[in-house]
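According to Swiss-Prot, the protein carries these features:
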{"type": "REGION", "residues": "1-35", "note": "region 'Disordered'"}
{"type": "COMPBIAS", "residues": "1-10", "note": "compositional bias 'Basic and acidic residues'"}
{"type": "COMPBIAS", "residues": "11-22", "note": "compositional bias 'Low complexity'"}
{"type": "BINDING", "residues": "C470, C476, C515, C519", "note": "[4Fe-4S] cluster binding site"}
{"type": "BINDING", "residues": "C519", "note": "siroheme binding site"}
Amino acid sequence: MDDHSPRDAAETPAPGPAATPAKRVYETPPTSRPITDAEAARAEKLAANEHIKIASGYLRGTLADGLLKHATGAISEDDGQLVKFHGMYLQDDRDLRPERTKKKLDKAYSFMIRLRIAGGVITPKQWLILDDIARTYAGGALRATTRQTFQYHGVIKSNLKRTMAAIDGALLDTIAACGDVNRNVMAATNPAQTGAHKAAYQLAKDISDSLLPKTSAWREIWLDGERVVGGEDEAEVEPVYGRTYLPRKFKTVVAVPPSNEVDIFAHDLGFIAILDKKNQVTGWNVTVGGGMGMTHGEPDTFPRTADVMGFVKPEDALKVAEAVMTVQRDWGNRKNRKNARLKYTIERYGLDAFRAEVEKRVGKKLGAPKPFTFTGNGDRYGWVEGDDGRHHLTLYVPSGRIKDIDGGPQFLSGLRRIAEVHQGDFRLTGNQNVIIANVPAEKRAEIDALVDEYGLTRGASALRRSSLACVALPTCGLALAESERYLPDLMTELEESLASHGLAEEEITIRSTGCPNGCARPFISEIGLVGRGPERYHLYLGAAHDGSRLSKLYKEDVAASEIRDTLDPLFADYARGRQPGEHFGDYLIRAGHVARTTNGPDFHDRTGALKPATLG
């Protein structure tokens, strides 16, 4: 695991083995709150989204009127930005675009709806309602995301309010699942650590509730609620966020070592549980400044792994979470959204200054970080008994797509039948899988019988168990290449290659995204594929197996048909030269195939293969 202890973030090594760290000069942090006046925003040339938020009336915009316009399945461009805060994206079926364009038809518009499910825990009753929604409004599919929640795809505009009412009926919502806010809060799911999971889940839920936008716009628009009377006083309507919310998305996770299945270093804010000998939480290490997204061809954008900023007692964790988020609210870049995430804020002003401001807002110093160790970021498949005697079954769900597959697993129907008899709860994992959790010992046989009856998968090959893919085409408007629809075929090819070198059971993380936004966190995967164009990908290698170190660009613009041939000699070399217990990403660096990435600022340095790879 790479060291993420606090350091002077200014000391960024230049390329080369003998480079001397150079002291960076940081900018002076701002001292004022974000601009909320329209004229001042124009004068300062703030990003377009800032103007939209200022004029939105706390996320209302013209959404209510737009829903009544039946001549189009879309909404206005400005409302398309605001609806994200309500948990939705306007999309269209890109497979149908050419034919519809030829016929001079409007795009096949629909909406993706994302739920807010802190910690990924839902009851069987909620599962059944979500299943009904999937069958009625979303083409018979639920999608477990890489951030422990569900998405619906293909919901048309005329069904939006009915869908939202059904979600509300499950005592769930979609508020802040997208947008410039604190999004769904993830929590560790390791079923063997029952006590620690309870603490992690509770912290995730507390943060989610505390940092939730307070505007009543969601209930007014989607559930026909009455507008709350009381004026537009910022302190009253949004006491934490203010009128303009955050500069950009903000993602929070809670991890429990030794498992890093939430990929804590890839997120803006994280809490790492520090456990005593009885597996009880004594406090939390706080991480800040992680994030995956970047833009092809723009080196001032980069992924970054989070720094461990300090240690807090359990009673201070919530105050620290709010302080970190509000510093980002006030310091984040509101002129350039490509440099607006917390990772860039810390690079701009320095970790020391950021920590000092957090401590000022909390009213006390953070403690020194406590030792911790992560050993991987995968799930534990099959049955696991928790330390309270309850049982937990983790099912492998390819790319999180819960639907009935012709000639294959009947995920939607099978999990519905399980929900009808299950007495515990369900947990979604950050690896897009489902845990049937808290099963009494006497109910295991009944669950097993249903799993077998519907062909549900308890596991898969080592490579597939360690895989993630974003949705990409046909619904994501940002996708440059296939991801979810392509990765299974690629893994079949790579499984053959790995088996030929005696590596069939070697755990190697592989992740694919259709664009460099990195929703499946490819830049902390030992093999990362990032869409560059139709059937072309950038290939990234050399990340840490536990998600603690970024990868490096190994080869640009690789044709899909060439990926196996590119990786095969590297697999051969790994099989010949690895040390006991050495992971693929670590070996590629030690053997000199690819340079080590220290952190975000040097992500674009020393790219490419450092030496030829051969089979012989």
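Glycine too: its Cβ is placed from the backbone N, Cα and C atoms.
Sequence features, as recorded in Swiss-Prot, placed on the structure.
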residue : record                        : DSSP class
C470    : [4Fe-4S] cluster binding site : coil
C476    : [4Fe-4S] cluster binding site : coil
C515    : [4Fe-4S] cluster binding site : coil
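Residue environment of C519 ([4Fe-4S] cluster binding site) contains 22 other Cβ atoms, counted within 10 Å of its Cβ in all protein chains. By neighbour count, meaning other C-beta atoms within 10 Å, the densest spot among the binding-site residues C470, C476, C515 is C470. Report note: the [4Fe-4S] cluster site is defined by C470, C476, C515, C519, and the residues of the same chain whose CB lies within 8 Å of the CB centroid of those residues, excluding them, are V471, A472, L478, A479, S483, T513, G514, N517, G518, A520, G531.
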